[in-house]
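Here's the structure, in structure tokens; my notes come after.
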Amino acid sequence: MRHAYSVAAVRAAEHSLLAQQNFDDELMRLAARGVAATATSMLDSGRHVTILAGPGGNGGDGLYAGAFLAEEGYSVEAILAADSAHEPALKAFTAAGGTIAHGLGDADLLIDAVAGLASTRGLSGAPLRAYTEAKERGVPVLAVDIPSGINADTGVTAAEAVEADVTISFGWARAGHIFAPECGAVVLCDLRLPGAPRSFAEELSATAEPVGYIANEPTITLPYQWPTEPVLSGEQGLVTAPKPVGCTGPILDPTPGAKSTKYTGGVTAVCAGSSAYPGAGILAATGAVRATPSMVRVVDNDSVVTRLPEVVPHASAQEKVHAQAWVVGPGRGTGPEAAAELRAVLERGLPTIIDADALTVLSTDGDLRELVRDHPSAVLTPHAGEFERLYAATLGRELDLSEGLGVRLRELSHALDCFILHKGRITTVTAPGQKIYGMNAGHSYAATAGSGDVLSGILGATLAQLDAAEADAEAIIMEILHAAAIHQHAAAIAAHTPDGFGLCSASQIAAAVPQAIARLLLMQR
């Protein structure tokens, strides 16, 4: 996980560093070296680069990077997004052999350096035509700071926004990176002016609080070789090697020890599936079974036992069921029986994953929402539609995302005093008094029917292993993210074929969970 900061904090840190420059554009030139190094990593054998250059500092970053690339022998063209440009950078660009163009040309890489932190609208005119052609041709896109059309504070996406393969950020990540999958893989590059007491990252850390944290899970290996040595060091300053922001960190190891029993890793109880939706129970229980060597109990669903004979059946959530964590909701229905079951589970006060139908029940029952408020560790796992309904029911107003998802996540989490995992390409997690955590899976293979049921089972097993009843909020958030990471790695494994990546089903994702756990345990996280 890496820190993410607001635009105001980034501007303030940048202002402090600019006051320490030895000459004009010194900091910008350092940033440009990082952009050029990232571009070189993405080009592989390609030799042609086109830059979309805005009139401000972001365009200056791009043009200076183009100058450095031209000096290294690359063919570099720039499309100006306005009648003016950052004049010193433009002069350096043309002096190095760069040329002004009006179309994409033979580009092997497109660099988006139009707006950066000031981004409020998407592309238009020649830059939009070049970008559209690049996407049609499969030309990779590198964004500087943040893709054009993405709000750097909120991640809100404008029309005609850029969808980048890689976004380079300086110092630490920006808040918008947490929420916008259009950023692609976010790479960080730190900068230090010669003789300066602090680098960009150190200045941010010393002067501001992060608004959240970001991770990119390496579920699919990127086709780029990142540099291992600093791009620049010595009397001219420091530019660190651009590196992806990294993953969510080491997962808990569920491997049984020498004295482990079927209870050691924590018991998970699953209330999922019904006669109308039997598959949801099977998928949720399979997710739990595949994620833990410990016992999984299943409540009132005999169809699961026939598919998974290792589970222990129970007739009702009201009976005595020993477990460390509960999963309730997938395919369970939304009638009075489902509401009574959710109430019985919540009244136990144990870590509880509330998913699917249970979220719908929650959105229609104020008494149950009050039970959630009083619960020490309820975890709600809505997709976008479920989040919208629950937000409206709880806050008494329609969901408005114009200020960004993060604001609304905090509002609902605070109103219900609970943990929330919001599903999507980027999994976002928060809790009252905590920052926003975002994990980009790098793919959408988990966007398939029943996949969320599998995730709920993995979440239950993970929190049972943690013994979340004794854990603090930050530890619970990290294990929620780790469960999501297991799920996303399993989806990537399930989608992989001998001929490349294809499609996968929820059953295949569930079957791949043990391999995903093994992969994560082997990784240097």
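Start at 1 and count along the chain as shown; that gives each residue its number.
Using the three backbone atoms N, Cα and C, a Cβ is placed for every residue, glycine included.
Just so you know, TrEMBL annotations never went through curation; they're auto-generated.
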Requested in this report: Can you match one of Gly404, Gly450, Gly452 to the AMP site that TrEMBL gives for Lys423, Gly424, Arg425, Ile426, Thr427?
Outcome: Gly452
Requested in this report: For the (6S)-NADPHX site, TrEMBL lists Gly331, His383, Asp453; sort out which one of Ala276, Ala280, Ala285, Ala506 goes with them.
Outcome: Ala280
Query raised in the report: Once the DSSP letters are reduced so that anything not helix or strand counts as coil, what is His383 ((6S)-NADPHX binding site)?
Result: coil
**Report entry** Neighbourhood of Ala280 ((6S)-NADPHX binding site) by C-beta distance under 8 A, where only residues 6 or more apart in the same chain count
**Finding:** Ala272, Gly273, Ser274, Pro330, Gly331, Arg332, Ala356, Gly450, Asp453
Report task. Enumerate the residues of the same chain, Ala280, Gly331, His383, Asp453 excluded, that satisfy the criterion Cβ within 8 A of the mean position of the Cβ atoms of the recorded (6S)-NADPHX site; list them in sequence order. Result -> Ala272, Tyr277, Leu283, Ala284, Gly329, Pro330, Asp355, Ala356, Asp357, Gly450, Gly452, Ser456
Query raised in the report: If you measure Arg425 (AMP binding site) to His383 ((6S)-NADPHX binding site) at Cα, how many Å is it?
Result: 11
Requested in this report: Please report how many Å separate the Cα atom of His383 ((6S)-NADPHX binding site) from that of Lys423 (AMP binding site), as a whole number.
Outcome: 5
Query raised in the report: Using the residues the record lists for AMP (Lys423, Gly424, Arg425, Ile426, Thr427, Gly452), what whole-number Å value is the largest Cα to Cα distance?
Result: 14
